[in-house]
Amino acid sequence: MSEIPSADQEGIDSVRMTWNNWPRTKVEASKCVIPLAASICPIHSNPEIPTLPYLPLRCKTCTSIMNCFSRVDFTAKIWICPFCYQRNHFPPHYSMISETNLPAELYSQYTTIEYTIGDKNQNPVGEFDVKSAFVFVLDTCMIEEEFEYAKSEVKRAIGLLPENAMVGFVSFGTQVQVHELGFSDMSKVYVFRGTKEISKDQIMEQLDQWPVAPGSRSSRCTGVALSVAAGLLGACLPGTGARIVALVGGPCTEGPGTIISKDLSDPVRSHKDLDKDAAPYFKKAVKFYDGLAKQLVSQGHVLDLFASALDQVGVAEMKVAVERTGGLVVLSESFGHSVFKDSFKRVFENGEQSLGLCFNGTLEINCSKDIKIQGIIGHCTSLEKIGFGTNYRVLQKGPSVADTVIGEGNTTAWKMCGLDKSTCFTVFFDISSSEKSNAPGSANPQLYLQFLTSYQNPEGLTLLRVTTVTRRWVDSSVSSEELVQGFDQETAAVVMARLTSLKMESEEGFDATRWLDRNLIRLCSKFGEYRKDDPSSFTLNSFFSFFPQFIFNLRRSQFVQVFNNSPDETAYFRMLLNRENIINAAVMIQPSLISYSFNSLPQPVLLDVASIGADRILLLDSYFSVVIFHGMTIAQWRNLGYQNQPEHQAFAQLLQTPKEDAQTIIHDRFPVPRLVVCDQHGSQARFLLAKLNPSATYNNANEMAAGSDIIFTDDVSLQVFFEHLQRLAVQS
């Protein structure tokens, strides 16, 4: 609720861990409550990362890459692998190596480094040097206005594509049309036989073949259209970086992937329907998109989904195909809304606004002995059973693979058909040893993790990004002080949110609030300082002090409280939670709130209803929306036009500053957030009130200050939540 103390948390490596000092044994790790996990943005941009024009050196035993933690014997021309301690000879072209003549990969500051491993011309198709391909899949079952919006944005996007990109176009309604582009002279012609008389009704039926009967939904075959697009790319460009860009304006009602019947009196499935197994189309549609995901992954192609409609379109069912291929997703109310238009434009822009879309990525992870990988939560696919091309080995379950699987597991390598500079993954680790005698760290106090990401960049170059990080083993059975000092509470909150979302989707009857509460109580019992059975004596170390309020806000967030949202919205929120970096994901869980007033400079304030004031403007950033909220007095002065009078320039500036700050947030974010400008007691004030701690409700309205506000809710406040937490944490 106030600013979190931050070091350079992302840095050159863009790796953040829940625990920066690791317990030595499996038993001690389980007592930490919060899992051992790392969040990594594998190809984030950083000007300090050098790109080397040669191939890396690999260890002959464990295949990890030589890095700045490798020990070097300059006389014998040998380097020792920090992962398996194998001694490796340098090849002849390293013969000049010495303590004063080091290659870049051995410089201590280059823990992340990039190698160029392929040229630009490795994907020629026919006579063309194809860097990438885009197949636009456009829904035609929309009202004219929506269709025009979508059409104009697709036209603009095609104009922004690089000259050597290949473009395909598929449209769909009741049937799917694959369009041959570049032949504008051959427009569509309707032919009527000359041997028989044609009535007006027959002409209308021919011109408008798929009319929508009253009380019915449009006949829309989204699943078949995406299947046709995938088949087209698979036949023409297997292994070449390609994206299917789907613009969908309503639910699929025809063929595979159907989510609802054509009868409008039949409502689209809700969370309650899914819980009761009363959504007859859901499982079949998910199974279809799961098959489509496997096909796209084997071809190396991406599915991007732009869904714009007032009703649901089936994002919840399509989620598996978008996530497994590393696709983008944007959900908005209309193709004319800025959320869609500005986000869609960003996908195809170059320059500093570019998303840096890359293709054909693989991620491999190497770990020190005794560290095992449970899996990844993020937009990727486990390479457990898949081999790619002739040069990719099928990975067997190796010594670094844990028995417990979280997310995409059973492997140390993953496929990412699409990734960009903000793509983030959460990797979960386990410790194999539980015996003190051979505990990890007894020989070496440092542990090492290496992340190898190969990918094709927008220019068509194949690059290998190598990030090697080290952390310390600590003996937490003797003292937990070092363990505590390495706790990253922001990362821990995001990891718990991602794990909770995964469990809610995969475990039947999972009670998220209860699970979060139990883990928080265990954590506070383990690391809090208190006298048994005396809640007033409870204190929490500063390294943990923000964590309870993160969990409080997570319990109230759209990731846990799903019944205010449709399954499509929930799927959308969770997909973005899983792919954004820690800073952005933390804002989704616990929004930031800034206050603007005459009396002080803009400053962060508590995410609390008490922060509302009649003479204040508040700026809320909850990631998916940005809210500018005017207090009563400010709104009255604005309505009277004071800002237009020369003597009230300070007021005009006060109104302008939050607008400029909001635009700065919007400018750097994808998907573009919704901007809400509202006044105290106005209908849209709910966008702010829903996120605030209800310290003032109708129960204690008599205690509130003049000009502030109350929230009509029976939810507990943060103070009450913390009192309960203290009481339960100190119980003997």
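For all residues, glycine too, the Cβ spot is worked out from N, Cα and C.
Whatever TrEMBL says is automated annotation, not expert-curated.
The shown structure was predicted, so the numbers you read here are calculated from the model rather than taken from an experiment.
As given in TrEMBL:
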- 56-94: domain 'Zinc finger Sec23/Sec24-type' (DOMAIN)
- 202-348: domain 'Sec23/Sec24 trunk' (DOMAIN)
- 359-474: domain 'Sec23/Sec24 beta-sandwich' (DOMAIN)
- 488-584: domain 'Sec23/Sec24 helical' (DOMAIN)
- 600-688: domain 'Gelsolin-like' (DOMAIN)
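DSSP labels the residues of the domain 'Zinc finger Sec23/Sec24-type' (56-94) in these numbers: 3 helix, 11 strand, 25 coil.
When the domain 'Sec23/Sec24 helical' (488-584) is classified with DSSP, helix, strand and coil residues number 63 helix, 9 strand, 25 coil.
If one looks beyond the domain 'Zinc finger Sec23/Sec24-type' (56-94) by at least 6 residues along the same chain, the residues whose Cβ comes under 8 Å of a Cβ in the stretch are 103, 105-111, 113, 115, 366-369, 446, 448, 450, 452, 464, 466, 468, 470.
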